[in-house]
Structure formats: structure tokens, C-alpha cells
């Protein structure tokens, strides 16, 4: 009997413990449910925040797109204003007299330019002046059709250019030309290379200006011929270079010369008519240079011409 009571007491104790454990498990389960509910709430909040962030990101992208569009429009307006400003500067520095049709004048951003004139007396002529060119008291006259004149960037030029009957005149980069300069053409080409130094009152006459005939054949005998001045040539003051002449790179033409025959590269020529007085020379724009290496441009051309 005593044993049964003891077993019964033990069973009751175990049952009590099981109930306690069950109560604890229920409590834990309740806590887990609470945590799960909180996690779901947090997850919902995170999803809401993520949705808001996506909405904000979308709005920011839209704003960024609008800003880019506005920036593009502002750049376009700025470009137009610069173009208008360039045209106004060109109009301010050039007077244009167009007496034909199909004529074109393209002008870049000029430097310190004033009192220039362009006159078109014909059709389909073209004048192109590139950026950073300094034009002062320059007159360009087109006579007839299909003439072409181009002045490359970083050049400085004064004087008169007359292009006649399908002629072409090209002036290279960084070339400087003094006042009183004159180019006369007639169905021919005049080319001045890069880095040339042309003094005041220089005349390049590719045409005699008026025809001369043989009285027996009755045919013209003085047709115009091309003039070519290569890059890096120094032409002194009051020089006249006549039709058909070519002057080689690195050469110098002395004061007051009349050049009727070709001058090779790296030669000094002078006189009337000009003759070669010294070979194997090269000049420098820098007046203080004592060696070829003292002038970068001179050194560069010397290397090219002697390699």
C-alpha cells in the first residue's frame, strides 16, 4: 500500500513537472509568435521603406533626366550664343560686299581683328578663315567664279588678296604677313606654307594682270602660273615673287629682291633678279638665338630638312 502511494506521488510530481514544462513551452511559443509578429511587422515596414526608396530613386532619376535635358538645352543655347557672338565679331571686323550668288564666307573666332573687307564679284566663291587668326586691314577680292581662299589658324595677316577666275589661295598655320602684302592670281594657285614670316610690302604676282599676245600666232603668251612658298620661309621687305616660282623650306629672300626663278630649300637668295648667295642655311624667328637649338621651331625644321 505504501508503495502505491509513493508511485502515485511520483506520478503526480511528474505530471506537475510536465504541466510546468507544457506551460513553459506555451509561453515560449507565445513569445515566438510575438517575435514572428514583430518580424513580420518589421519586414512590412522594410518593404514599405524599400518601396518609398524606390519611389524616391525613380523621382531622383526623373529629376536627373530633366536636369540633363535642361543642361543640354543650356549648352545648345550657349553654343548658339557663342555662334552669334562670333558672327557679330566677324561682322564687326569684316565688311562684306556680295555681288553674286552662292558665295560663302566662313569665319572662326578672330583675334584682335579690325577694318577688313571681303568683296564677291562673281558666283560660288569661298573664303574660309579659321580660329585664332588676326586680320587687320585685310582686303579679299573675288573676281569671277569658283575661287577659293583659306587662311589657316594662328596666322596674322594684313594686305590684299585678289583671287580671279577659279584661283586658289592658301595661307598656312602660324604664318605672319605684314602690311602692304599683295597676292594677284588668274586661273592659278598661290600657296604659302606653315610658319612663314612675310615682311611688309611683299607682292606675290602669279599673273601679269593683262594679256600679251604674239603678233604672228595671235595667241596669248603670258599665262598665269602657280606660286609655291613652302613652310618655314622668310621673305624680306619689298620683295616681289613672280609667277611660276617655288621657294623651298627654310630659305630666306633678301630685302627688295625680285624672284623670277625657283629657290631651293635652305638657301639665301637676293637681288634683281634674285640669285642664290648662300646655301645650307636656316633662319630663326627668335632674334636672340645663337644656336639652332635656341629656337624650337628652327630646330624642328632643321631636323626635318637634314634627316
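Placement of Cβ uses the backbone N, Cα and C atoms for every residue, glycine included.
According to Swiss-Prot, the protein has these features:
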type     : residues                          : note
REGION   : 1-95                              : region 'Disordered'
COMPBIAS : 1-90                              : compositional bias 'Basic and acidic residues'
REPEAT   : 3-9                               : repeat '1'
REGION   : 3-93                              : region '13 X 7 AA tandem repeat of RLKTQDS encoded by a 7 nucleotide repeat'
REPEAT   : 10-16                             : repeat '2'
REPEAT   : 17-23                             : repeat '3'
REPEAT   : 24-30                             : repeat '4'
REPEAT   : 31-37                             : repeat '5'
REPEAT   : 45-51                             : repeat '7'
REPEAT   : 52-58                             : repeat '8'
REPEAT   : 59-65                             : repeat '9'
REPEAT   : 66-72                             : repeat '10'
REPEAT   : 73-79                             : repeat '11'
REPEAT   : 80-86                             : repeat '12'
REPEAT   : 87-93                             : repeat '13'
BINDING  : 208, 209, 210, 237, 243, 261, 278 : acetyl-CoA binding site
For acetyl-CoA: widest Cα to Cα gap among 208, 209, 210, 237, 243, 261, 278 in Å:
35
I'd like to know which of these binding-site residues, 210, 237, 243, 261, 278, is least surrounded, judged by other CB atoms within 10 A.
210
Under 8 Å by Cβ from residue 209 (acetyl-CoA binding site), counting only residues of that chain that are 6 or more apart:
184, 186
Could you pull out which residues elsewhere in the chain have a CB under 8 Å from any CB of the repeat '4' (24-30), counting only those six or more residues past its ends?
none
For residue 208 (acetyl-CoA binding site), nearby residues of its own chain (Cβ under 8 Å, 6 or more apart in sequence):
222, 224, 243
I need to check the long-range neighbours of the repeat '3' (17-23): which residues 6 or more away from its ends have a CB within less than 8 Å of a CB in the stretch?
none
